[in-house]
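What TrEMBL says about this protein:
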TRANSMEM  37-55  transmembrane segment
TRANSMEM  76-100  transmembrane segment
TRANSMEM  112-129  transmembrane segment
DOMAIN    114-225  domain 'CAAX prenyl protease 2/Lysostaphin resistance protein A-like'
TRANSMEM  150-170  transmembrane segment
TRANSMEM  182-200  transmembrane segment
TRANSMEM  212-231  transmembrane segment
TRANSMEM  237-257  transmembrane segment
Amino acid sequence: MRWFIKAHPSASLALLAILFGAAPILAVSTGLLPDGASQIGAFSASLAAFVLVALESGKDGVKALARRVLIWRVGWFWWGFALFFPILPSIAALYLFHAIGGPLPDWSALKPLWQVIPMIILLTIFAGLGEEFGWRGFLLPRLNGARAPLKASLIIGFFWGVWHIPLFVTPGTVQNEWLHDGGWLLAIGGYTLFCMAWSVQYTWIFNNTRGSVLLAAVMHGAGNAWFGGYIDVYRGHFGGILVFAAVMAAVSLFIILTTGEFGGRTGGTTFK
């Protein structure tokens, strides 16, 4: 088991995370668990990471992974980037979609600003910490050590997108709406492109904050909150989602072209 985890960390995490994520959804759909219990799956990537680290490195490895959430002294720039940078591609996508013929956004669907802070906190806990011990805490250092940061980012982004596929077949989710609006190829392909593009930004912040899972989780929570506003005002207009994915790709391309190896590599399994 250890040799497989070391040789194939991406496949190990993706398979176990998908298993842990899909199991609650299936249990709810068959009546084994009550409605709402499927939210347990939000923690599947981090849970999978801790299981894999325990099998690979034992208790010391689990402690080392958990300690990455304590790395918080990383400079104000990186905190600002994690919390507020996601606003910029959202605004850019709003203007671009309208400029190419998209409808005006439905501003009435936008949540009031005072709700954003508690939303970021909740999403940091449930989406950020639920996933980032896996994608960034476990997988990124292992891929960073053997591959260029760009390749590592794209691999993680691909598996990150694939991990979300169960949401596309779950009624009531926004991903399920995209599936009906755009079809399998555009919906899942566009979403995976978004994940791959955003993964580049995660690698940049992770490699410049000594491998902080906390900052990755905060950016995950803040991003979901700010991006959620864009999704709300263009609900039912799938073209706007594709434009947003394209804007994220352009932002990540800018980072790639201007930062070299995204600030260096954080390879290995521990940080000093």
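Including glycine, each Cβ sits where the backbone N, Cα and C put it.
When each of the listed stretches 76-100, 112-129, 182-200, 212-231 is scored by C-beta pairs under 8 angstroms to the transmembrane segment (150-170), 182-200 comes out highest.
The domain 'CAAX prenyl protease 2/Lysostaphin resistance protein A-like' (114-225): residue composition by secondary structure is 99 helix, 0 strand, 13 coil, according to DSSP. Only sequence-distant pairs (6 or more apart) were considered; of these, at least three Cβ pairs between the transmembrane segment (212-231) and the transmembrane segment (76-100) are under 8 A, so the stretches are in contact. Packing against the transmembrane segment (112-129) from elsewhere in the chain are residues 39, 42-43, 46, 69, 83, 213, 216-222, 224-226, 228: each is 6 or more residues past its ends and has a CB under 8 Å from a CB in it. For the domain 'CAAX prenyl protease 2/Lysostaphin resistance protein A-like' (114-225), the mean pLDDT of the prediction comes to 94.
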